[in-house]
Amino acid sequence: VFEFDMALETEAVYLFPTENSAAHKTDKYELVHDEENPIAIFRRGLKFTIAIRFANRGFDKNRDLVRLLFNYGPNPNAIKGTRGVLTIDPKKRRRIDDEQKLWLANVLNHDSDTMTLEIFAPPSIPVGLWTLQVETNILNSTDEPKIYDHENSFYFLFNPWNCHDLTYMPEERLLDEYVLTDVGKVWVGPYGTTKGREWVFGQFDACVLSATMLMLEKSGLPYTRRVKVLPGMISKMVNSNDDDGILVGRWDGKYDDGTAPSAWTGSVPILQQYLDTEAPVPYGQCWVFSGVVTTICRALGIPSRVVSNLVSAHDANATLTVDKYFNANNEELTYDPNNEMGEDSIWNYHVWNDVYMARPDLPPGYGGWQAIDATPQEVSSGFYQCGPTSLEAIRKGSVGLNYDVAFMIASVNADLMRWKEDKECEMGYSKIYCNKYHIGRFILTKAPFIFDPNGDKDRMDITNLYKAKEGTEAERLSLLNAVRGTEAAKRFYALPEPEMEDMEFDLQGENFRVIVKIKNKSDKLRHIKCSLSAASVYYTGVKAQQITREEGQFAMKPNSSEELKLVVSADDYLEKLVEYCNMKIYAIATVTETRQTWADEDDFQVLKPQININIPAEIPKKKPTTVTLRFVNPLKKVLTNCKFNISGSSLLKNQVVPYPDVKPGAVIKVDVEIIPKVEGEQKLVATFTSKQLLDIAGSAKFEVVSDDD
């Protein structure tokens, strides 16, 4: 048999991971630069170069048939979009541009045994792990082709730089922030004391894409649907309520069998543990879920940002309200008499994500930023998931559009209604108070291109993207538009507002001193019963312990004023605080003559020290530098089970540093050595946890410079 009567035998395929990565903006991924086995990472809708070497002879364009089979999943199918089939024809050279909807290949060069090709993958193919087969035969032969399986899988990612990709962002410069920035901030804490908490997203770490693929496999999502419903699936799989998702949520302060949510410095150690154990990682809370979602989205190429809603509503019964109920004695009920599914709640803050994508399933104008929420709050379509929800739909009150629009509207703009037991009312309760401005005080994210490790200069207010300005006609019309499309909400908003409000009440507080100011605006004597109380609360609004209470009764002459004061001392609260040191003030008052009832509440927080990170403004690349972490124990008790968590993207993997017991008021100080590998601006993030004290964090920004000189 002559050599040319035999089909070509493929010896090797070269995907040039490093060479292709710069044009594909994937050069930061650690997998691309692995010294032993580099993995190619491409963006769809963009051409790349590969080479094929044949073992037995060179390619003959008049005799040889060479086909490339790009495969996605166990049962690839060209019709379903999970297989790309390319027949190599050196006689034809096709123009490649980003509008192409088909796979294309052009021969750039072929010599004695090697063929170099330019490949284009359409901007609509599924993202994830692909494989490549090379099929060779003689033209018009009836023999079975020879098949070469390339030993390495490779990735195709979303391409938000391509205007035909689902994730395309027209303002391309923002992609440096929303796709390529690997350290960011999450705003946490109550309204008034909120602060930016640093988070290492680390989307380029070697474990991230592998952990994401494990998550995709565990989701059971068909390979053909992994583009259209991917963001919603991410919100489902980052929590573990329905399946073997990534994180276990917990809010009761009991974390001994896992990691306290406040101890995490970023997403990489969570995803590494998930990849190693193939089991959900304990524990997360809303900002941890959101940080992991950001990492996964940015790793896949979906523009994403963390969003914090200060004073966030959890509407458990789809009424677009947050309802608080009181009995005839002005005592707040611990259950919702009108909802068997559970009571509404107000979180001090809640954190979710915005992702940027087109919405071909919705009418024009509803693409762009979409909210997704991985924190398991309510079931949507049978699973704990939320979104993607168009921000434009939230702002307009368009509850008829997919997905979860009503729930997100309530989160940022529900009316806070208070109800009191009333046997004469059909519901058994009459509306005593309605606050239209309490929910969604601020909606915050990190501003692009700014990082302030010591303050909040990098904070950006995006409230106007979610709702019109509070108190405006546009804001009310949007909410009422949502009410019209929500049956349960119609019933609550149809009930009349309370009448005969001739008493004025105002809750004021500062530095642990709280006052209710009462004014009789009528021309008659009024008798008032008023109470003020303080309680420690979890950030989800769940009450932990009563701290102190004050009551007063007043006989008020016409046009007179009175005050009820409550002072909360350190001795009162120190032993009763729970994690994050949040307290809530409750006030309620009743007018005997008119039955007018007023109630209000406010949050404040006992602030904790920050970790001071001492590091030079400039440090040398590839040489050891000592970093000092320091803060003072603020408690009058010994701290036990102490440890620091320290990490920095492309700087060092998450490092856990145990620390001995700490006496009251003692200085806590630890030295850590780092050896930077990459030049440029870098960030270091640290947390401290102990059995008695959680949620201590700090960060530093510095420049890594070449020491060649």
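Glycine too: its Cβ is placed from the backbone N, Cα and C atoms.
Copied over from TrEMBL:
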ACT_SITE  Cys286  active site
ACT_SITE  His350  active site
ACT_SITE  Asp373  active site
BINDING   Asn413, Asp415, Glu470, Glu475  Ca(2+) binding site
DOMAIN    278-376  domain 'Transglutaminase-like'
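Cβ neighbours of Asp373 (active site) (same chain, under 8 Å, six or more residues apart in sequence): Ser235, Phe289, Trp352, Asn353, Cys386, Gly387, Met408. Geometry remark: His350 (active site) versus Cys286 (active site), CA distance 6 Å. The Ca(2+) site is defined by Asn413, Asp415, Glu470, Glu475, and by the 8 Å test on Cβ atoms against their centroid, the other residues of the chain that qualify are Ala414, Lys436, Tyr437, Ile439, Gly440, Lys467, Gly471, Arg476, Leu479.
For the domain 'Transglutaminase-like' (278-376), the predicted model reports an average pLDDT of 94.
Neighbour counts of Cβ atoms within 10 Å were taken for the binding-site residues Glu470, Glu475; the minimum is at Glu470. Cα to Cα, Asn413 (Ca(2+) binding site) and Cys286 (active site) are separated by 19 Å. For the recorded positions shown (Cys286, His350, Asn413, Asp415), fewest C-beta neighbours within 10 angstroms: Asp415. Mapped onto DSSP classes, the domain 'Transglutaminase-like' (278-376) shows 15 helix, 40 strand, 44 coil.
On a Cα basis, Cys286 (active site) lies 27 Å away from Glu475 (Ca(2+) binding site). Rounded to a whole value, the Cα-Cα separation of Cys286 (active site) and Asp415 (Ca(2+) binding site) is 23 Å.
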